[in-house]
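Listed features, source Swiss-Prot:
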- Glu83: active site, proton acceptor (ACT_SITE)
- Gly11, Pro12, Met13, Phe14, Ser15, Gly16, Lys17, Ser18: ATP binding site (BINDING)
- Phe113, Ile157, Glu158, Ile159, Ile160, Gly161: substrate binding site (BINDING)
- Cys138, Cys141, Cys170, Cys173: Zn(2+) binding site (BINDING)
Amino acid sequence: MNGGHIQLIIGPMFSGKSTELIRRVRRYQIAQYKCVTIKYSNDNRYGTGLWTHDKNNFEALEATKLCDVLEAITDFSVIGIDEGQFFPDIVEFCERMANEGKIVIVAALDGTFQRKPFNNILDLIPLSEMVVKLTAVCMKCFKEASFSKRLGAETKIEIIGGIDMYQSVCRKCYIDS
């Protein structure tokens, strides 16, 4: 085996996916791996780079398709991808990079605000060596939260926002509201 593999970090909004992605990439940096992170360029909530909801910042390339950054990442051995659910080529890209010996770490929502699979992100599960599903805290009853609930009536899937537009909720609070 060439050492390449895929690590998938999934969960609802506010579960710490981006924070965990940054932690893992930093861990490889400490071990002297050449690392790069990629963020979805339409996510400009906090400015350039990769941002967590608690305003931690990490340098990142920006793209709407991962194939657009292939040339820029050839010299890196660890690739971190934030908001993986928004990249239409996430599955093919991750499989190709892992097969080329690269470590690929993806942070992504597993479900939409309607609790449906988010694009093709779940197709990465059988291709991943490691899958972690994080939970958040329900913003209504403070129990474990596995779901993202959108505030408002907008039905479009790709609406990028933070605490102003979404809540993490448990099953009961999702159903009750």
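Cβ atoms are placed via backbone N, Cα and C, with glycine included.
Note that this is a predicted model, so its numbers are computed, not measured.
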**ATP site, defined by Gly11, Pro12, Met13, Phe14, Ser15, Gly16, Lys17, Ser18: further same-chain residues with Cβ within 8 Å of the Cβ centre** = Leu109, Leu134, Ala136, Ser168
**Prompt:** Which of these binding-site residues has the least crowded Cβ, counting other Cβ atoms within 10 Å: Met13, Cys141, Cys170, Cys173?
**Reply:** Cys141
**Item:** Per DSSP, three-state class assigned to Cys170 (Zn(2+) binding site)
**Value:** coil
**Asked** Non-local Cβ contacts of Cys138 (Zn(2+) binding site) (under 8 Å, 6 or more apart, same chain)?
**Response** Glu144, Ala145, Ser168, Val169, Cys170, Cys173
**Gly11, Pro12, Gly16, Ser18, Glu83 screened against Phe113 (substrate binding site), Cα within 10 Å - retained recorded positions** = Pro12
**Fill in**
Its Cβ having more other Cβ atoms within 10 Å than any other among the binding-site residues Gly11, Pro12, Gly16, the winner is Pro12
**Request:** Compute the mean position of the Cβ atoms of Cys138, Cys141, Cys170, Cys173, which form the recorded Zn(2+) site, and then list in sequence order the other residues of that chain whose Cβ is within 8 Å of it.
**Result:** Met139, Lys140, Phe142, Lys143, Ala145, Val169, Arg171, Lys172, Tyr174
**Asked** Secondary structure at Gly11 (ATP binding site) (DSSP, helix/strand/coil)?
**Response** strand
**Request:** Taking only the Cα atoms, work out how far Ser15 (ATP binding site) lies from Glu83 (active site, proton acceptor), in Å, as a whole number.
**Result:** 13
